[in-house]
Structures are given as structure tokens and as C-alpha cells.
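These notes concern the structure reproduced below.
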Amino acid sequence: MLLDSQYLTSAASSRTQSYVSGCEATSEGHDSPDVAVYDLSQTLQPGPVQINIEYEGDIGNGMSGFFRAKYKSEDGDDVFLLTTQFEPCYARTAFPCFDEPNFKATFDLQLEVPTYFTALSNMPVKTVTNVPSDHTLQRVLFERSPKMSTYLLAWAIGDLEYIESKTEQHHGGSPVTVRVYTPIGMLRSAHFALDVACKVLDLYKKLFKIDYPLPKCDHLVVPEFVCGAMENWGLITYKPTKILFDSSASSHRVKSKAAYVIAHELGHQWFGNLVTMNDWSELWLNEGFATWAGYMAVDELFPEWDIWSQYVAETVDDTLKIDSYPPLMPLNRNYLRENSYDNASSQDLWRAMSMSAGQDVGLLMHSWIYSPSFPVVTVSSEAESTFLRQTSMLALSESEGRGKFAGFQSCSNQWNTPLGRCRPDGDELMLVGNEQLEMPETILSIVNKGHSGSYTVAYDSEALLSILRHQPGLSSADLAGLVADMSTLVLVGKKSAGDLLELILRLKNHTDVYLWLSITRALENLHNIFSDEVASSQLLQHFTGVLLRSMQSHHEQLSKDSDPRSSYKKDEMEKNVYRLAVLASDTELLSQARTMFRDAPSLKELKPHLRSAILSASVNGPDPSVFARILDSFDAEQSIEIQEDLLTALAATTHPDLATRLLDLAFCDDSIIDLQHLHILGGSLGKNRNCRRLQWEYIKRHWDRVSQRLNENGTVRAWFLEASLSHFADTALAEDIEQFFAARSGAELVKPAGYIIANIRRNARCRERSRAELRWFVENELGKELQAKV
């Protein structure tokens, strides 16, 4: 008998004595450390068997498996919460099992815990009995779980408090009991989460026409938890910053993030838990639906946030897109009903979709799912006609080897790309494979309206001007999408840097907050690519300074809006003003930020949405004592949200010796930087042009201790390395990184190293192409713009 088992040993000896239906089972060694082999003393007959295994294991601090999460009590003492994180394959570190998603089972769990602790699991408590031999302990038995995969099993033990409510609607005949549990002292920030959780459960019941199947839904705050959140059925776990909202100290962005993460994890209760992908290669079945459901729910509950436009502005460059096409709803219901409490593959989804659509959706979707790229729709105006074609967006060419940049490549995959109503008569258009669409009139409507399609649009100059001249009513998502698409196209060589800067100048009179968010992100990317070149950086600073004046004017106008529903967008605009001020090295605004820090009685008195910017500006101000003060605050701070802002600010230092000190505080024995915060440190130093190369040299020089800490958690390892090293634009450095990791064996390094090297080489090619374009545009076109104003 073979079971998945890792880091577990016999409770008595190296040869575990176990029993299978009364038959002695002896544990033997195996070539794989992740497998336990049990030799049976006799042959078993077909049918149910009972397996009894005694074993022991360590409760680690690596935020996976059965682990302990440390935090400070209200008295300042170190205390621990014990909990679990089994996704994707860490259940085997807590108990021997069949640890794959398609091995579903019911679970009867009993925990023996101190009487003063709360014990939680997926299901409600069934019985609590005292341990006869020790009056300080109790046995907590939970109700049997529904049929589910091992990665969804969860439990937690600790000193907890909670608030409770119930859904308005009945699920399975009665309202669902919803609780938010926190360590002592955090509960005051949990009320928003409780309200959202109840409303989203009822929303999904209405949407999916399927009740939430469990009698309770707990949401647990775990103080050390790098994953952010985990959808354990009936016991969802969260990092504090992904669920808690303190109205006196948290920004509106933290509030919107909490709403989205709660909705995303609750979406998994149907998509992932009720119906589970057959194996991890089809994880997108879980995550794709939960992501769509999360944004849809937030948009339903908080329409004033315009969350879909924010999504376009921030994540449109990613290859994973959300498909919110209305006909998706009936197919979702079919998919859920037909596969409840079971596993599903993409073929099951295609069958459900085909039933609803009346056509072979599997054939339609094949390239969208299995292609290594996504389409670029080119729109060109020629004579009296407009032509639409599509090609593949491939920045990497396999023929040139891993990491080689090749721009756009031809692709044999045939996409069926929905273009929407992009012509005056309003007909829906579909671009099929390599065909070309010709429209007899100049295009007047934007392609991919609302940016709801998973593709990028590349307009030629005439087509783009036509849209900008004839479509003054473009939506927020349309405007943000235009800039995001152009930024991506510049990065991979389809458009020039001058095209992007010209588009931004043409749009600078628009007041839309998400357009400006998209502009800010595009400029941050350009600044990063040219950060090592003084002349180019100065040109970009000049260009950014011109835009900053426009954004300040728009923010002043927006600030006059007294409607409280506009506060979210006002804060977002003000935050982006300071992001541009950093790029432009604007002395006036940076001085204002330092004054705000100096005059604030405490960190909580700073505007939450500006706190990170204010602290970062202050670290690089004229007062050398600020770094030490902020470091002391970081060490003493209880709020993880504020800790993250403090660490981001510390990593903005321009002094190499201070950056080295931070890295020592992360990787030496006296570390004060938690494992869950390492990627924040790495990413902040990685974006810091004064210290990013120092960080790489530190990683190389101290790899033994760096890797030892990173290996405590695979997610931390990948996130830290990618965040630290992906921002360079130097091919020689890419070679150095490639050689360094190639000499260090381990499959766990292959993926992050490949990602890092590909990003650096792409950035380097973009810099080489764009250097002359940038200089020409700023010296000529921007000059014309300024002269026209005079």
C-alpha cells in the first residue's frame, strides 16, 4: 500500500507499526521521500478497509502544512496560532493520505486541545469531551465533512474571538451562520468583512441557483500567511491585510481588496470545492471562475468603485483575462450541477458550455486555452477602408532558445476572436484565424469595447486618431485599456515609445482616475527600463513633470466633489499624483510629503492611501535620522498593513549601506523581517535603481543563508527572487543570473529563473529600441505641446 507522506515518522520507531483492517502493516523505505510504503502481512479482499497509522511530525513555521503563525499579544508577548495550509500538496505533511485533488473523501476530524483554546475546522463542532487523564485538555469532534479533496481540509487552534451574523436567504433550508475569527485584539477591524461575506453568499445563491452546501462559513485571520487567502471549505483563511479593514487606519484600496478577496474565496466554495479540477494542470478551472465571480460580486455590491475599470488599468497586461460575457451564466449552472461533489476537466466545461450555446465550444476554445500566447488584433486604415487582422503576441521565440526576444511571431493556432460591436451598424464581429476583415468605412467605434476580451488591439495612427476624435464618450475601461495595450505593445516591439507618449499626451485632458492609473503604471515601467541611463531618465522626468501638472489639476477638480461615494476615486487620484511626483522628482510635492511625516503625531495620523508615499519620501529626505526612526517603528508595529508600508519605505533608501542592513535583517539569525514580508522587501529593492544591483550581489554572496530561509516556503522563494531580479534591463546581467542558477541544481529554481531571465532580456530589447525614439519625442513633440500652450 502506497500513501503520500512527507516529513512524517513513526511515533515509536523508524519502522512504523500500523494496521489495515486488523492486518499488520509495516512501513518500509521508498525511493521517493514523499511516499510511504506499507507491506501487509496478508492479502486484503476487495471492499472497504480501516487503516490505523501512528505517526508524528513537526509543526513548522513555513506557512504550509500544519504550521504555527506567530504574532504579538496585546501585552507584547509572542503567541502562536496553529493552523493549516494544504494547497497544493501539503496535506501529506500532516497525515499520510492520497494527496491529489481527484481523490475525494469525507473527513471525520477530532482534535485534542487545551480547554482555553478555540478549535475550528471545516464543519461545525459535533461534541466536546474532557480528557479523563488531563483536565486541561478537551477532545473536539467535528461533524463529517462533505466529499472533498485533501487540500481543502483545514483546522485551527488558538486564542481567538469572533463576530457572527447569518445570511438573509436560506441555504439548504436555513440561513448560513457566518463568523469572522481573529486573534485577540483584531476583531474591531472585522465588521466590514462579516457584512461582505453574508451578502456575497446570498448573491452567489441567486446567481448560481445552487445553495451554499455547508451549515456554517468561518473566515479566520492568520497573522503569518504569505498566500493571502485559502478557500478551505467552511473555514477560509486570510492574511490580515486581505480581510481586515480599520476605517481609522486603512485606505479605501485595502477595503476594496478585502471585498474582492472575500468574494474570490467564496466563489471557490462553488468553483473549486463543490466542483474541483481533476488535477493541478487544470487549476485555471478553479481560479478563472473564482476571479470572475470575485470582481462581479464587488461590482454588484460597490458599483461606485468601478472595479472593472480598475481591473483593466492594473492587470490588463497579464495573459489571464476575465470573460464576463453574459451567456456564461447558464453554462456555469450546468457545469456546477453536473459535477457537484466531483472532479471536472476542461472537457466537462466545454460540454456544459456547448449545451447552453448550441455549438461546439470546445473547438472554439482550444487555441484560447492551449496556445502559449494570445492574439493581437491590428487595426489599420487604408484609403476608404479599415482592415482588421490578428497575429500572435509572442515575446519569446523557442527557436532562439529560452529567454531570447523575438517580437511578434507567426502562430499556427487559430483564434476565434470576438471583436464586439466595433462598426456603426452595431453588428457583432468575429475574427476567425488568419482571415482579414475589411470595413468599407473608417472605423468609428473602439475594438474590444470595455476591454472585456482577452486580447490586445494595435491601431495604426490614423485609426487611433479616428477613435479619439469621434468617440468623446469612451468609457473608463476603454481609456485605461488603450494605454495598457499600447504599453504592452511597446514592451514587445510592436509599437514605439513615441507612440505611447503621444497617446498619453492626447489623453491628458481626461479626468478619469483609472485612465491616470494606467498612465502612471505605463510611465513607471518606462522609468524602470531606463533607470540606469541618466540622459534617458532625465528626459522621462521632464515628460512626467508635464503630466504631473495635468493630474494635479484633475485631482483638484475631483476634490470638490462632496459626494461620499467619490471618496474612493479621490484617494486613488491623489495617490497617483504622488506616484508621478516620485517619477518626476518633483521637489515641491516630495517636500510636502516630508512635512506631513514630520508634523504627524503618529503613523496612524497619516492619510492611509498616502502613507507609503509619505514614508518613502521621508526616508530619502535631508534628515538622516528618519531611516532609524522608521526602522524602530517597523520593529514595534502591530499592524501588518502599516508594517508593509514601513518596509516599502525603508527599501526606498538610496544608501547602499542601509539597503545591506535591511537584507541582513531579513537573512541573518537576528532577523526582524518575517518570512511573509520577504517578497515586499525584494520587490521594493528590485525597483530601487540605487540598490537593485547591490541586492543581486548580496544574494550571490550569501546564497547559502538566503536560500536556507527562502526554502522554508516555496511561494516565498519564487516571489522573492522574481520580485528582486526581474526589473533589470541588462543582457549581461541576464547571463550572470542564468549562469548562477544553472550551477545550482533544483527544479524549484527553474521556473523563477526562467521568468527572471526572460523579463530582463525583454526589458533590454525594449530599451535598445526605445532610446532614440524617447529622445526624439521629448525634444520635438513635447516641445511643440509646450509651445502651443504658450
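Each residue's number is its place along the chain shown, starting with 1.
Placed from the backbone N, Cα and C atoms, the Cβ positions cover glycine too.
Residues annotated as domain 'Aminopeptidase N-like N-terminal' in TrEMBL: 34-152.
What TrEMBL lists as domain 'Peptidase M1 membrane alanine aminopeptidase' is 192-327.
For His264, His268, Glu287, the entry in TrEMBL reads Zn(2+) binding site. Every protein chain shown contributes to the tally, and the Cβ of His268 (Zn(2+) binding site) ends up with 24 other Cβ atoms within 10 Å.
Taken from TrEMBL, the feature active site, proton acceptor covers Glu265. Under a cutoff of 8 A between CB atoms, and with a sequence separation of 6+ in the same chain, the neighbours of Glu265 (active site, proton acceptor) are Ala229, Met230, Glu231, Ile236, Tyr238, Ala290.
The average pLDDT for the domain 'ERAP1-like C-terminal' (446-747) in the predicted structure is 92. Taken from TrEMBL, the feature domain 'ERAP1-like C-terminal' covers 446-747.
Taking the Cβ of His264 (Zn(2+) binding site) as reference, residues of its chain lying under 8 Å away and at least six apart in sequence are, in sequence order, Ala229, Ala290, Thr291, Ala293, Gly294. The Cβ neighbour count for Glu287 (Zn(2+) binding site), using a 10 Å radius and every protein chain shown, is 16. With helix defined as DSSP H, G or I and strand as E or B, the domain 'Peptidase M1 membrane alanine aminopeptidase' (192-327) counts 70 helix, 16 strand, 50 coil. Counted with DSSP, the domain 'Aminopeptidase N-like N-terminal' (34-152) comes out as 6 helix, 54 strand, 59 coil.
Apart from His264, His268, Glu287, the Zn(2+) site neighbourhood in this chain, defined by C-beta within 8 angstroms of the site C-beta centre, holds Glu231, Glu265, Gly267, Phe271, Gly272, Asn286, Phe289, Ala290, Thr291, Ala293, Gly294.
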